[in-house]
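Here is what TrEMBL says about this protein:
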TRANSMEM  49-75  transmembrane segment
TRANSMEM  81-103  transmembrane segment
TRANSMEM  115-137  transmembrane segment
TRANSMEM  163-184  transmembrane segment
TRANSMEM  196-220  transmembrane segment
TRANSMEM  240-260  transmembrane segment
TRANSMEM  280-304  transmembrane segment
TRANSMEM  324-346  transmembrane segment
TRANSMEM  367-390  transmembrane segment
TRANSMEM  396-414  transmembrane segment
TRANSMEM  435-453  transmembrane segment
TRANSMEM  473-495  transmembrane segment
Amino acid sequence: MEKIFTYTRREAWVLEPEPSTFAPNSRWSNKDMDPVPPKWRTWTTFNYIAYWVSDAANVAVWELASSMLAIGLSWRQALPAIAVGHIITSIVMVLNGMAGARLHVGFPVLNRSSFGFWFSYFSVVSRVVLSMFWFGAQTYTGSECVYQMLKAIWPSLAHLDNALAPGANITTAGIMCYSLYWLIQFPLMFVSPQKIRWLFLVKAFIVPPAWLAMLVWSFVKVPSSKGLFEQPSALSGSAISYAWLSALNSALSINTTIAVNISDFTRYAKNAQAQCVQLFIIPIAFTLVSFIGLAVTSAGVTLYGGAVLWDPLQLIDHWDNRAAAFFASFSFVIATLGTNVSANSLSAANDMTVLFPRYINIRRGQVICAILGGWALCPWEILASAQGFLSFMNGYAVFLSPIAGIMIADYWIVHRGKVDVPSMYRPRGLYRYTYGINWRAVVAIMFSVPPNMPGLISSINPKIAVGSALKFYDFACIFGFAVALTVFSVLSFAFPATKTFLREAVTSEDLGEYSESERSSHIEKGVDSGILVV
């Protein structure tokens with residue numbers, strides 16, 4: 001009993017500081033925030049291929065492609081938009097990922113060099129909130145997959161009496177399946193980022209074959225001459241152009257979150273070149289999965305009364321073959337598990353380590369995300385009653401794409417890769433800028449975000465008329481990224497932060513050459529490691 005009461009004291013939750021920390025004290029860093037040591041740099045090119053094949057095989061990508069049929073585009077119009085969007089995404093991913101692979105630090109730390117030590121918390125908090133909401137939404141999607149699996153075994157589940165109030169927005173069967181999925185998912189919160197790559201490998205071997213089987217089924221049931229290849233566009237004139245731009249923007253938006261924090265994964269690369277395979281695997285994997293979604297959805301239109309069943313679980317619900325429904329739903333369970341861990345729980349956990357480094361490491365952060373995102377936010381309430389809120393969450397790329405643009409501009413254009421890693425851990429280091437804020441990033445955000453706000457507001461509440469601004473919102477991602485990158489670069493050269501310009505990059509290995517006592521003295525004095533360009 002006394003041991004239990006020990007954990008009621010705050011001191012019991014303080015993490016043991018590591019001697020290798022680069023911060024002045026444990027208030028600013030912990031083991032999971034520090035640069036990844038060589039022994040933990042285990043991700044190879046094959047692991048990044050498995051990761052992206054795994055990430056592409058998720059319900060959201062399927063729905064993205066099939067929903068394009070619902071808005072009137074033909075597959076010939078939708079597929080190029082998806083391919084172009086993911087080619088652009090892959091370039092951004094490699095550029096931001098290279099910084100993590102070279103410096104071995106995650107997004108929350110790396111972001112300090114461009115936004116400033118304190119203003120970087122704006123990006124971090126934004127990512128935490130977004131990740132936890134999407135964790136809940138993805139968990140709810142996973143519970144729907146579990147429901148289809150159980151219904152395939154016990155069809156009577158569809159007629160289970162509902163003991164919950166009508167206003168609960170979830171049924172007894174629904175909360176049971178949600179709890180089961182959450183319990184299946186929860187143990188993965190304790191797996192380290194170095195080892196979670198095996199989940200992506202398993203998913204990469206299970207999910208794509210299952211979905212290819214669904215593709216074969218669609219062409220067997222509905223020959224291409226009667227289905228996908230003969231489906232015309234329902235749009236004409238300028239409506240096609242705006243719908244195509246909207247589809248391109250959606251393809252860009254779906255991976256904006258990971259484009260911002262890809263360094264959380266590339267920091268574990270064996271070498272900087274290992275992550276370059278993203279340039280090829282991202283457009284290939286996502287375009288292929290999108291084609292499967294288009295083909296199967298198109299077959300569903302012909303088979304099930306003309307309705308566009310863009311949600312694959314709704315389509316599976318129409319199947320008479322219970323074994324096929326079970327295994328297809330199982331593949332979606334695995335798909336959702338991998339995506340929820342990689343895109344949401346790990347991202348939130350990495351960000352939380354920066355907010356409370358003395359108390360939260362990656363494992364604790366994932367557990368917090370699972371509890372708050374999974375239960376406290378009640379995702380079934382959000383999904384049932386706030387379509388406008390989901391539009392806002394989808395539109396969050398309005399904020400994230402400028403962040404990605406600023407980070408790329410800072411690392412590649414302004415500083416050309418010559419940054420000081422140890423200074424990223426010091427509140428009074430090189431990246432303090434003006435009271436911890438890089439005003440150039442603030443101005444870039446102000447130029448890139450507000451023009452898209454009218455369109456975002458209208459997408460949340462269509463009753464609010466914003467005129468032609470809504471069409472401007474159709475390419476919000478491209479606009480936000482390009483404007484933020486341009487404005488930040490121009491301001492950084494016109495009004496340079498001279499102290500941050502170095503002749504060469506300073507990494508964790510450079511500081512590691514000192515003895516422990518020399519390193520401690522170096523950190524305590526706050527001496528900046530780089531050599532200034534004068």
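Positions of Cβ are set from backbone N, Cα and C atoms, glycine also.
Remember, TrEMBL labels are computer predictions, not curated facts.
Contacts between the transmembrane segment (435-453) and the transmembrane segment (115-137): present, as 3 or more C-beta pairs lie under 8 angstroms, all at sequence separation of six or more. Distant neighbours of the transmembrane segment (280-304): 48-49, 52-53, 55-57, 61-66, 68-69, 75, 78-79, 82-83, 86-87, 89-90, 93, 208, 211-212, 214-215, 217-219, 221-222, 226-228, 231, 251, 255, 310, 312, 315, 318; these residues of the same chain sit at least 6 beyond its ends, with a Cβ under 8 Å from one of its Cβ atoms. Counted over residue pairs 6 or more apart, the CB atoms of the transmembrane segment (115-137) and the transmembrane segment (196-220) come under 8 Å in fewer than three pairs, which marks the two as apart. Ranked by Cβ pairs under 8 Å to the transmembrane segment (163-184), the stretches 49-75, 81-103, 324-346 are led by 324-346. Among 49-75, 81-103, 196-220, 324-346, 81-103 has the largest number of CB pairs under 8 A with the transmembrane segment (396-414). Counting Cβ pairs closer than 8 Å and at least 6 residues apart in sequence, the transmembrane segment (49-75) and the transmembrane segment (324-346) reach three or more and so form a contact. Cβ atoms under 8 Å from those of the transmembrane segment (324-346) belong to residues 51, 54-55, 57-60, 131-132, 134-135, 138-139, 141-142, 145-146, 148-149, 151-153, 181, 184-185, 188-189, 193, 196, 199-200, 202-203, 206-207, 210-211, 214, 217, 257-258, 264-265, 312-313, 316-317, 362, 366, 369-370, 373 of the same chain, restricted to positions at least 6 beyond its ends.
With a threshold of 8 Å between CB atoms, the same-chain residues lying at least 6 positions outside the transmembrane segment (196-220) that come near it are 42-43, 47, 49-51, 53-55, 57, 188, 227-228, 289, 291-292, 295-296, 298-299, 324, 327-328, 330-331, 334-335, 337-338, 341-342, 346.
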